[in-house]
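Engineer: Just dropping this structure here.
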Amino acid sequence: MRQATVYIDSDALQYNLNRVKQLAPHSKIVSMVKANAYGHGVKDCLAALDATDAFGVASLEEALEIRQLGYIQPITLIEGVFSEDEMQQVIEHKLECIVHHNQQVEWLIQQQQAYNALGLKVWVKLNSGMNRLGFKVTEIIDVIQRLKAEGFTCVLAMHFANADADHPLNEQQKQQFLHVKQACDPILASCCNSAAIYKYPELHFDFVRPGIMLYGASPFADRNVHELDLKPVMTLSAEIIALNQIQQGEYVGYGSSYTASCTSNIAIVSIGYGDGYPRAYVKPNFVAIDQQLVAVVGRVSMDMIAIDVTHINTDIGTPVELWGKHRLVDDVAAANGTISYELLCRLSNRPIRTLI
Ligand SMILES: Cc1ncc(COP(=O)(O)O)c(C=O)c1O
């Protein structure tokens with residue numbers, strides 16, 4: 001059988017959840033499991049994340065999948081509902097909405113009795129400068145006061161555009177959030193994703209919303225997961241299916257973009273962009289074999305890549321780590337001009353999935 005396998009390490013996931021607890025001991029944890037748990041497979045991840053306080057997803061469908069799997073924790077729809085009809089399901093399945101525009105507020109108020117009777121919180125999104133979703137600082141206080149008057153329990157929610165970096169917008173976002181929080185006091189509050197959990201301990205408030213750190217990838221370009229004391233959850237693995245010795249001047253792969261500079265041993269590995277392995281590497285890219293880094297050479301094909309194994313012992317069947325504990329997904333992403341989030345989320349369903 002063709003070996004392209006995604007291993008999910010549930011101990012690592014639990015370890016990372018505990019790291020969130022250590023970093024934010026006084027906050028409840030809303031574990032972000034949207035996009036199929038960042039590509040890790042929501043079914044496998046939910047069990048390992050059972051100790052979380054709540055889950056965060058991007059759509060009703062994602063929330064219903066969690067309910068169908070039997071999990072009863074609170075679930076926040078981080079974009080809210082997309083139509084009035086969805087409010088019925090929100091009530092039926094006990095889901096918590098974000099409201100980020102006025103129509104959502106009206107839909108919610110129509111369900112006020114049922115929603116409040118279930119003890120659900122409503123998350124009210126502040127647009128403090130990211131300009132994606134939310135009410136402007138000049139509007140949100142009225143929205144919150146109206147919701148409070150209708151008996152809703154509100155959570156003031158905000159998302160940093162640059163929590164992973166030093167950017168002047170950070171201070172503006174923080175000040176706007178604190179201003180609204182104070183003006184609406186008492187109110188529950190939540191503004192920290194993974195990067196902000198590390199960077200702004202003073203802003204953890206009632207709920208933190210970790211995503212990428214749970215999966216053992218770094219939210220920062222300049223700090224790796226070892227420095228952050230996180231463990232990679234996913235290993236993408238394949239194996240060597242052919243070995244070719246080639247002479248100086250011979251080519252490898254489509255476009256003949258790689259030319260051997262000396263006699264070389266080239267191994268062909270059973271993974272390609274059809275599995276979700278990125279094709280666009282812009283800097284030298286590597287895989288790991290027995291903890292050693294080995295260079296990818298030539299173009300990535302749909303089902304195969306070539307690696308230069310001239311200096312190591314390998315054979316047909318040797319396992320190759322595309323990313324995992326020895327070749328970090330963050331480094332593969334950097335070599336491909338992208339971020340780990342994208343690589344993890346866009347794996348195809350072709351690799352076999354195994355929970356360890
Ligand atoms: C509203 C919101 N909160 C939290 C997160 C988690 O972010 P991260 O994966 O960077 O921790 C996201 C991710 O996109 C988000 O959209």
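Glycine residues also receive a Cβ, built from the backbone N, Cα and C atoms like all the rest.
Bear in mind that TrEMBL entries carry predicted annotations, made automatically and left uncurated.
When I checked TrEMBL for this same protein, it listed these features:
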type	residues	note
ACT_SITE	Lys34	active site, proton acceptor
ACT_SITE	Tyr254	active site, proton acceptor
BINDING	Arg132, Met302	substrate binding site
DOMAIN	233-356	domain 'Alanine racemase C-terminal'
MOD_RES	Lys34	N6-(pyridoxal phosphate)lysine
Engineer: Among the recorded positions listed here (Lys34, Arg132), identify the one with the smallest other-Cβ count within 10 Å.
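Structural biologist: Fewest other Cβ atoms within 10 Å, among the recorded positions Lys34, Arg132, is found for Arg132.
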Engineer: Tell me, roughly as an integer, the mean pLDDT over the domain 'Alanine racemase C-terminal' (233-356).
Structural biologist: 96
Engineer: Take the C-alpha atoms of Met302 (substrate binding site) and Lys34 (active site, proton acceptor) and report the distance between them in angstrom, rounded.
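Structural biologist: It is 27 Å, counting Cα to Cα.
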Engineer: As a test of the contact definition, list every same-chain residue at least 6 positions from Tyr254 (active site, proton acceptor) whose Cβ is closer than 8 Å to its Cβ.
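Structural biologist: When sequence neighbours closer than 6 are ignored, Tyr254 (active site, proton acceptor) has Gly298, Arg299, Ser301 within Cβ distance under 8 Å.
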Engineer: Pop the Cα-Cα gap between Lys34 (active site, proton acceptor) and Arg132 (substrate binding site) into the table, whole Å please.
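Structural biologist: Cα of Arg132 (substrate binding site) to Cα of Lys34 (active site, proton acceptor) measures 18 Å after rounding.
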Engineer: Where does Lys34 (active site, proton acceptor) sit in the DSSP three-state scheme?
Structural biologist: helix
Engineer: Would you list the DSSP helix, strand and coil counts for the residues of the domain 'Alanine racemase C-terminal' (233-356)?
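Structural biologist: Going by DSSP assignments, the domain 'Alanine racemase C-terminal' (233-356) contains 16 helix, 46 strand, 62 coil.
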